[in-house]
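Listed in Swiss-Prot:
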type: BINDING; residues: 49-54, R131, S139, Y194, 228-233, 256-260; note: 3'-phosphoadenylyl sulfate binding site
type: BINDING; residues: K107, T108, H109; note: substrate binding site
type: ACT_SITE; residues: H109; note: active site, proton acceptor
type: MOD_RES; residues: S139; note: phosphoserine
type: MOD_RES; residues: S254; note: phosphoserine
Amino acid sequence: MALTSDLGKQIKLKEVEGTLLQPATVDNWSQIQSFEAKPDDLLICTYPKAGTTWIQEIVDMIEQNGDVEKCQRAIIQHRHPFIEWARPPQPSGVEKAKAMPSPRILKTHLSTQLLPPSFWENNCKFLYVARNAKDCMVSYYHFQRMNHMLPDPGTWEEYFETFINGKVVWGSWFDHVKGWWEMKDRHQILFLFYEDIKRDPKHEIRKVMQFMGKKVDETVLDKIVQETSFEKMKENPMTNRSTVSKSILDQSISSFMRKGTVGDWKNHFTVAQNERFDEIYRRKMEGTSINFCMEL
C-alpha cells in the first residue's frame, strides 16, 4: 500500500496478518516475534495516541519514587524500549530491550494477535491504556499530519474513512481495544482508561502503583500527579519530543502534545460523521462490555 506524504515521497506501508505496519518493522518481523520476554517484564500497551507517553512518564515517576531528576536522565523514548521499533541503522527496539537490565519496562502498540508469544508464555504484566475512539482518531489525524515517518492523512474527511476501515499503522482501533479487553481476565493486565486518568489522576496512579508492587507516601504521590500533568509534560523536553528533528516530527504543523483533552472530537466530527461512526461502533463492538466516556 503506497501513500504519498506531503513531502512528495512514497511511504509504502507493509502488512502483517491484515495489519498495516511501518516497512522497517515488517522487515524486522522475525526478530520481533522471537523476542524473549522475561517474567518480571512490564509491558506498556496502547493503541497509538491513547496516552502512551503519559502512562510511560507516570510509570517512570513511580519507578523512580517521584525523583524528577532521575526521570530527566533520558528522553522518554529511550527509557522504555519500543519493541517493534526499527529504523536502521539505529538499534532496534528488540536490541535495546535485550541490552536493558531487568526488571524491564517496555512499550508496544501491537495488538494481542501480533504480540511476541513469549510475553504470554512468561506471564508478564501488561499495562493497557484505552482512549475513546473518536478522540483517538482526531489525535492520530493530527499526528500523521506532522509525522513524516507516516503517510499523509489527507483531508479530515478522507482520514475518517481510513480510520474507520482500520487502514492506519497498527491497524483497527476496534480490533485492538477489543482484543486487549478480552484478554484482561486471563492474564496480568491492568486495563485503564485515558478518560479516568484525566478525571481522577491520583486514583488511577494509585492503581498503577499497586499493580507495579510499589509504595510511595502521599506527598510523593501528589508530586507524581503534578509532574505528569499535561501542562508540565508539554513543557518538558524529555517528554514533548522537542529534541526530535523537524524532518521527522514537524511540530510547526501540529504539536506532539497537542491538547490532551477529552471530547475534542466534537470540534472535528460533523453530525453525519458522528451518526455514522456511532452505527459502525455499535456493530463492531457488539458483545463487548466495555464502556467509554466521550466527554468530561
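We count from 1, first residue shown onward.
Every residue gets a Cβ built from N, Cα and C, even glycine.
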Rounded Cα-Cα span from H109 (substrate binding site) to T228 (3'-phosphoadenylyl sulfate binding site), Å: 21
Entries of K107, T108, S139 which, being recorded positions, have CA atoms within 10 angstroms of T52 (3'-phosphoadenylyl sulfate binding site): K107, T108
Chain-internal residues near R131 (3'-phosphoadenylyl sulfate binding site), provided their CB is under 8 angstroms and they sit 6+ positions away: T46, Y47, K49, A50, G51, S139, F193, Y194, E195
Candidate with the highest Cβ count within 10 Å, taken from the binding-site residues K49, K107, H109: K107
Cβ neighbour count (within 10 Å, all chains shown) around S139 (phosphoserine): 23
Sorted by sequence, non-K107, T108, H109 residues with Cβ within 8 Å of centre, substrate: L43, I44, C45, T46, T52, F82, I83, E84, L106, L110
Binding-site residues compared (T52, T108, T228) - the one with the fewest other Cβ atoms within 10 Å: T52
